[in-house]
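The structure appears right after this line, and notes come after that.
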Amino acid sequence: MACVLLISRLLPFSHRLRGTSICLLSLFLSYLFYCALFPDGAIMQTSGDPTPSCQRADGAKRRLQKSLSCLLPSDARLSGVEASRLKTDQRPQITHHAARNDTPSPPMSNLKFGNKKLPNAIIVGVKKGGTRAVLEFIRIHPDVRAAGTETHFFDRNYDRGLEWYRGLMPRTLESQITMEKTPSYFVTKETPHRISTMSQDTKLIVVVRDPVTRAISDYTQTLSKTPDLPSFQELAFRNQSLGVVDMSWNAIRIGLYALHLENWLRYFPLAQIHFVSGERLITDPAGEMARVQDFLGLKRIVTDKHFYFNRTKGFPCLKKPESSSSPRCLGKSKGRTHVQIDRDAIEQLRDFYRPYNVRFYEMVGHDFKWE
């Protein structure tokens with residue numbers, strides 16, 4: 001209509017213009033008005049109506065396309081809000097899970113649960129007292145995880161640092177106890193201070209045994225590895241005729257429990273140290289392990305139903321687990337027959353150890369009856 005009005009006003013001057021010029025001018029003016037009214041190329045679409053247009057230019061070819069809204073009746077077309085939701089739903093959902101779809105999830109059996117923690121409890125001694133048996137027996141408990149080998153961190157590898165030590169521990173859940181055992185700790189002077197520096201709350205377990213029997217067992221093990229070893233009497237006595245014992249020999253020195261305990265009590269209270277009888281561990285393993293579980297604050301799960309006595313080895317073994325076809329006994333070195341020692345040498349050693357034993361009984365408040 002605007003174009004018609006404009007052309008009508010120009011008609012008085014039409015006698016000066018040729019017919020062709022008038023047509024071109026009309027087309028040009030119509031184009032200008034069209035561009036002003038429809039700047040985006042949409043036909044009859046207002047800014048307040050977000051509904052997609054029914055006709056759109058397609059690049060240079062200028063082809064008209066029909067949208068989905070044009071195919072629907074006017075009363076069935078989506079409102080502006082609904083159309084916005086539809087566009088949002090059609091967008092690809094990019095999430096962290098989608099980003100990981102290219103990498104297959106590992107099977108549940110390969111997942112690692114728990115964390116490696118510094119030990120809550122340590123079996124610190126003594127060598128040939130029954131430490132391996134205590135460790136294997138307590139590992140039956142579902143709330144206990146233990147390092148399989150002796151770490152020797154506090155006596156040989158301390159310079160490697162606590163993170164190295166932590167790396168040797170098994171993964172445990174928050175409710176589980178982490179343990180390790182290294183029997184030489186009990187007789188190493190620096191160890192009590194080092195463990196207390198790590199944690200003053202560490203619980204300590206010491207498996208003790210008649211020091212004379214322990215010394216003979218220690219010698220028997222060493223002899224099996226070193227056949228040309230001097231006799232037991234040569235190593236145990238400086239002068240056997242006078243009954244002078246060589247306290248520098250390690251097999252003798254380990255049995256001086258009272259002297260070693262004095263060093264530990266400088267850093268830990270007695271209530272934090274539990275003593276296991278190596279003799280009762282053989283005759284009543286369930287009873288000894290019940291006391292160990294109480295000390296560690298565990299429910300008594302390891303009981304007499306887990307043990308049977310192996311008469312060949314002279315040592316208790318674990319009954320056949322459900323996942324195994326045979327019972328589980330300790331290694332060949334456990335229950336090994338001791339070398340025969342002269343009876344007089346044994347009596348001399350008992351006389352030597354007696355005052356140390358009595359002192360030890362007084363310190364721990366228990367008589368182990370090593371006579």
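Just so it is clear, glycine is given a Cβ too, placed from its N, Cα and C backbone atoms.
Caution: TrEMBL annotation is automatic and unverified by curators.
For 21-39, the entry in TrEMBL reads transmembrane segment.
The annotation region 'Disordered' is assigned in TrEMBL to 84-111.
Taken as a whole, the domain 'Sulfotransferase' (120-354) shows an average pLDDT of 94 in this prediction. Here TrEMBL flags 120-354 as domain 'Sulfotransferase'.
Annotation comment: TrEMBL describes Lys128, Gly129, Gly130, Thr131, Arg132, Arg209, Ser217, Lys334, Gly335, Arg336, Thr337, His338 as 3'-phosphoadenylyl sulfate binding site.
The active site, for sulfotransferase activity annotation in TrEMBL covers Lys128. Cβ neighbour count for Lys128 (3'-phosphoadenylyl sulfate binding site): 24 (other Cβ atoms within 10 Å of its Cβ, all protein chains included).
Per TrEMBL, the feature disulfide bond maps to Cys317-Cys329. Shown in sequence order, Asn310, Lys313, Phe315, Cys317, Leu318 are the residues of the chain, 6+ apart in sequence, with a C-beta less than 8 angstroms from the C-beta of Cys329 (disulfide bond).
Taking each of the binding-site residues Arg132, Ser217, Thr337 in turn and counting other Cβ atoms within 10 Å of its Cβ gives the largest count for Ser217. The most densely surrounded of the recorded positions Gly130, Cys317 is Gly130 (count of other Cβ atoms within 10 A of its Cβ).
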